[in-house]
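Report on one structure; see the data block that follows.
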Amino acid sequence: MGNGPLSRTAHTLVLRHPCHRLRQQFRCFATKYSGRVVVEAEDGRSFAVEVDAPTLHTDSRGYALPRRDLICKVSQILKSPPSPSSDPFLDLSDYLDTLTITLTPSEASEVLKSLKSPNLALRFFRFCPSEIPKFRHDCFTYNRILLILSKSSLPNRLDCVREIVDEMERTGIQGNISTVNLLIGTFGDGQGNGVNELTRCLGLVQKWDLKLNCYSYKCLLQAYIRLCNPDKALKVYQEMRRRGYRLDIFAYNMLLDALARDQKVDQVHKVFEDMKKWHCEPDEYTYTILIRMTGKLGKPGESISFFQEMLSKGISPNLIAYNTMIEALAKGRMVDKSIFVFSKMVENSCRPNEFTYSIILNVLAAEGQLGRLDEVVEISKRYMNKSIYAYLVRTLSKIGHASEAHRLFCNMWSFHDRGDRDAYLSMLESLCNSKKVTEAIDLLNKMSEKGVKADSFMYNTVFSALGKLKQIPHLHDLYEKMKQDGPSPDIFTYNILISSFGRAGEVGEALKIFEELENSNCKPDIVSYNSLINCLGKNGDIDEAHMKFIEMQEKGLNPDVVTYSTLIECFGKTEKVETARRLFDEMLAAGCYPNIVTYNILLDCLERSGRTSEAVSLYAKLKEQGLAADSITYTILERLQSGSHRTSRVRRKNPITGWVVSPLSMVLKQPDIEFILRTLVMRN
């Protein structure tokens, strides 16, 4: 409706977007409608106009230009529904019903472009042909939704793309070369059955009577590379050369890298020569690929040639190039040249990283020249920081060079006011592994001078080493210092101490630590009880060990295979065979499956007490459970067959329970065991 006196002649109305004035200097967003006045009020102040369908302007190719006001309105409805619970497509359907005009495919494509959500875009794509009369997607709308899906992270995006391609073929919509390029890029990202999908893409090229362009070949080549199929990638490259197409430096590097990783050396050299022939200058990544390939092939001389060629072209190597060159030289055990390239790296202000130092460290260790590590440190002293020192100390400790690690650690101590926790921890572990517990305690006490606070993990590392060496006085002193100065002991501290005192036969101290654990913020766990039960049983207090076993169950802790195995061996050692057997039955009833150690313990107990038939039955149960007998099992069965039931034997300590089954006298094969078992059955 409008206001003002107007005649009944035809008038032209221009409906403009609210933002038209702001945007008209860039692009016109108006849609022009023509119509005629059909009703006019008596006072002439209002009238009705019958508007004809607008004439859609077309571009130079004959495609209708999209109406921006309509696109904006549709996009707004979809992206900003009145409420979160409302369906924007119902609102869109109601809005379109009020119009005498419909969306064109080009306008639908613009709406799709404006939608950020792939799911929303896919719903709108399905909405258009189903709800808009006479609407039919064209090649461009299909390309738009394919592009949206290719960039999305939807878990079913490949299935959606396949459905859309099937729909195009079913409805007879012919794609263009952009469609094919999109499909190649989508299916060539390394997911799904990519090679078969790419074959289908090439089939569509023939079906739609298209020709691959340079960009299509490049997409296809990269797709085969991502699918780890360098053979097909090479064939695509050869086809490109026949057609006179050229790759860019990025595609050349991808192809060279794929061929080099597949050890296609001749093809790499040929592509590299083609690259230079077609005036595509290699960069540092190209040379890095070639240096890595020749280095892995054990040809450091060729690696040096490529490195020198790179320098002669004025290309400055980056960190990766330097590391690759040093690695190639190190593989060839060229220590002097490795250090020389390292010095040039530092001279050219390229900061080495941990990988650089690891390469040099490994070659020095392999060649017995770790003494030259000081030379390497001196060369790179402007880049030596706490983290690099820490890395070197850790690495030297792990590869078994504790003295070198300690010497380097002392350098770090001298040159840096503040220490690095990882370096200190690595040094502690190295000293403990080398049984240098006095030095470890000294380091633990002094690290606060460098701003590193000793934590419970560090204390536990030293406690564990002291316990294994049965250094009880040091263990007492360090524990008292920990309680006095901090940090607070944790559950691992208490468990280590209980086990350590038990190993040394200090039952009273172990019980004292257990009581402290019960009164602390930590509560005993299954390991705590296992350690205490092992301590009590090993030192002859079996009744107390059994009481702790009952106590842990009352506190809601379920005994595990270690708990049962420990107690069974305790009772077996004191010839309480019935109790040991009853515990084994309780173990099975509780759903705790014995392991081979448990069976060996009980077999040994039965063999020593002369209960041959029960031992044979137990062995049969072991086989039923699917466990593989070990050499200790075979030795026990051999003793059963020989009738040797000695009650006093030398015993080795078991790493699980602290007890040991008898030492090996021989190792039997399975047929021997079967013969022994048949003999025992016949005897009984």
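Including glycine, each Cβ sits where the backbone N, Cα and C put it.
Feature annotations, courtesy of TrEMBL:
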DOMAIN    232-382  domain 'PROP1-like PPR'
REPEAT    213-247  repeat 'PPR'
REPEAT    248-282  repeat 'PPR'
REPEAT    283-317  repeat 'PPR'
REPEAT    318-352  repeat 'PPR'
REPEAT    420-454  repeat 'PPR'
REPEAT    455-489  repeat 'PPR'
REPEAT    490-524  repeat 'PPR'
REPEAT    525-559  repeat 'PPR'
REPEAT    560-594  repeat 'PPR'
REPEAT    595-629  repeat 'PPR'
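Counting only same-chain residues 6+ beyond the ends of the repeat 'PPR' (455-489), those with a CB under 8 A from a CB of the stretch are 424-425, 428-429, 432-433, 435, 437-438, 440-441, 444-445, 496-497, 499-501, 503-504, 506, 509, 520-522. Residue counts for the repeat 'PPR' (283-317) by DSSP state, with H, G and I taken as helix and E and B as strand, are 26 helix, 0 strand, 9 coil.
If you average pLDDT over the repeat 'PPR' (420-454) in this model, you get 86. According to DSSP, the repeat 'PPR' (420-454) comprises 27 helix, 0 strand, 8 coil.
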